[in-house]
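Comments concern the structure below.
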Number of protein chains: 2
Amino acid sequence: MEFMERRILQEGEVREGNVLKVGSFLNHQLDIGLLEEVGEAFYEKYRGAGITKVLTIEASGIAIACLTAQKFGVPVVFAKKSKSRNLDDDVYTAEVYSYTHQTTNRVTLSKRFLTSADNVLIVDDFLANGKAMEGLLDVCSQAGASVAGIGICIEKGFQPGGARLRSKGYDVTSLAIVESMENGNIVFRK
Amino acid sequence: MEFMERRILQEGEVREGNVLKVGSFLNHQLDIGLLEEVGEAFYEKYRGAGITKVLTIEASGIAIACLTAQKFGVPVVFAKKSKSRNLDDDVYTAEVYSYTHQTTNRVTLSKRFLTSADNVLIVDDFLANGKAMEGLLDVCSQAGASVAGIGICIEKGFQPGGARLRSKGYDVTSLAIVESMENGNIVFRK
C-alpha cells in the first residue's frame, strides 16, 4: 500500500456528503515529511519531462507545490481566487464553480508568470469534480503553456474529474484514488 | 545588505497607496531558493527556542511556513479565512480587518491543531498594520499556546504593526524593514 493511502486510513475522517477530512496532515495542519514524500513521488514520475514551473491554486495547493518544486529546482506559481470585478489587464482569468462552497470564484494569474515558454506540472490536494483543475488548464491554454502532467494527492474516483481529464489526454498522477467511502469505509482503486 | 533587502530592490515594485509588489518571488510566483533562505534565517534565530509548530495564515504565508518548518522538523498549521457564519464548535475564531480589501474576515483554526502544549513561531510575508497577526495572536491566546517569536519577510516600518507588537513584548524578526518608499525610492531601516 502506498504512503498516501496508509495515511488516509490512519487519519482521514469520512463525513456526510462524501467529505473526506485530512486536515491533520494535508490541508490545515501540514506534515512536512509527508509533503516531501509527495514531492519525491511527483519528481520520480516527471523528472525527465522538462518541467519549468509547478502550478497550483491557493490555498492548500501551495504547500504541495512548494515541496514538489523544491525537488525540481523550479519556481511555484499559484493562481488566486478572487471575487473582484476590477482586475488588471495583465492577468489571465477563469471562472471556477465550487461544489463545496456553492459559489463561482474567479481564478486569476498574472500573465508575467506563465507564458508559452512554460511546461508545467499542475498539483493540488484533491481532485473530485475537477472544476478548479479545469480553471487552471484554461489559464494554461490562455498562456499557451504546455501541461506535462497533473499531480494529485487524493482523487475521489467516484466523482467525474479524474476520468474527464484522462479522457482529454492529460497525464493524471494520483497518489491515492478513493473508489468509495460508504459508511465510513474507505476503499482505494487498485 | 541582507538577502531579502537585495531582492526587494531588484524586483519589488512600488505602487500607489504604499503598495509594494513582490509577486515575482514571494506571494504569487514563489522562488523556492529564496524561501529556503528565509527558513534558514528564522531557524538560526529560533533554533534553541523549542518550537513545536510553525503557524501562519492562508494563503501567502503557507509557502514561508512550509520552508521554515522543514528546517525545524515540525508541522505547519495555517489559519483559514472564512466569511461563513456556520462554524464548528471545534474551531478558534478571531475577527481580522483587512485594509487591503476593506473587509472583515473571520480567521479560524481547528482546536485540534493548537493547544497549550504548543510553542509556536508565527510567520507571514508582510507585516504592516498587523491586523492579521493580531488575529493569529488572539487564536494562540485562546489555545493557551506560547508564542516564541514572529518571523516576517517584509515589515512596513512606516505602518504601526511592528512597533505595536514589539511594545507588547513580542520578539519580531523582520528580514527587511521598509522605512519609506516615497516616489518609488525604497529605503530600509538600518
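Every residue number used here counts from 1 along the chain in the order it is shown.
Glycine too: its Cβ is placed from the backbone N, Cα and C atoms.
Per TrEMBL, the feature xanthine binding site maps to A:L20, A:N27, A:K156. For A:35-159, the entry in TrEMBL reads domain 'Phosphoribosyltransferase'. Feature annotation from TrEMBL assigns 5-phospho-alpha-D-ribose 1-diphosphate binding site to A:A128, A:N129, A:G130, A:K131, A:A132.
Shown on the structure are the features that TrEMBL records.
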residue: A:L20; record: xanthine binding site; DSSP (3 states): strand
residue: A:N27; record: xanthine binding site; DSSP (3 states): coil
residue: A:A128; record: 5-phospho-alpha-D-ribose 1-diphosphate binding site; DSSP (3 states): coil
residue: A:K156; record: xanthine binding site; DSSP (3 states): strand
Looking only at A:L20, A:N27, A:K156, the residues listed as binding xanthine, what is the longest Cα to Cα distance in Å?
16
To which of the binding-site residues A:L20, A:A128, A:A132 does the lowest count of other Cβ atoms within 10 Å belong?
A:L20
Look at the binding-site residues A:N27, A:N129 and tell me which residue has the greatest number of other C-beta atoms within 10 angstroms of its C-beta.
A:N27
Taking the center of the Cβ atoms of A:L20, A:N27, A:K156 at the recorded xanthine site, which other residues in this chain have a Cβ no more than 8 Å from that point?
A:G12, A:V19, A:K21, A:V22, A:L26, A:D125, A:F126, A:A128, A:I154, A:V178
The predicted model's mean pLDDT over the domain 'Phosphoribosyltransferase' (A:35-159) is 94
Find the shortest Cα-Cα separation between A:N129 (5-phospho-alpha-D-ribose 1-diphosphate binding site) and the binding-site residues A:L20, A:N27, A:K156, and name the residue that gives it.
A:K156
For A:K131 (5-phospho-alpha-D-ribose 1-diphosphate binding site), which residues of its chain lie six or more apart in sequence with Cβ-Cβ distance below 8 Å?
A:V96, A:Y97, A:S98, A:Y99, A:G161
Measuring Cα to Cα, tell me the gap between A:G130 (5-phospho-alpha-D-ribose 1-diphosphate binding site) and A:K156 (xanthine binding site) in whole angstrom.
10
CB neighbours within 10 A of A:K156 (xanthine binding site), counting all protein chains shown, number 23
Please report the distance from the Cα of A:A132 (5-phospho-alpha-D-ribose 1-diphosphate binding site) to the Cα of A:N27 (xanthine binding site), rounded to the nearest angstrom.
16
Tell me the Cα distance separating A:A128 (5-phospho-alpha-D-ribose 1-diphosphate binding site) from A:L20 (xanthine binding site), rounded to the nearest angstrom.
11
A:A128, A:N129, A:G130, A:K131, A:A132 excluded, remaining Cβ within 8 Å of their centroid (5-phospho-alpha-D-ribose 1-diphosphate):
A:Y99, A:L127, A:M133, A:E134, A:Q159, A:G161
Cα of A:K156 (xanthine binding site) to Cα of A:A128 (5-phospho-alpha-D-ribose 1-diphosphate binding site): how many Å, rounded?
5
List the Cα distance (Å, whole number) between A:N27 (xanthine binding site) and A:A128 (5-phospho-alpha-D-ribose 1-diphosphate binding site).
15
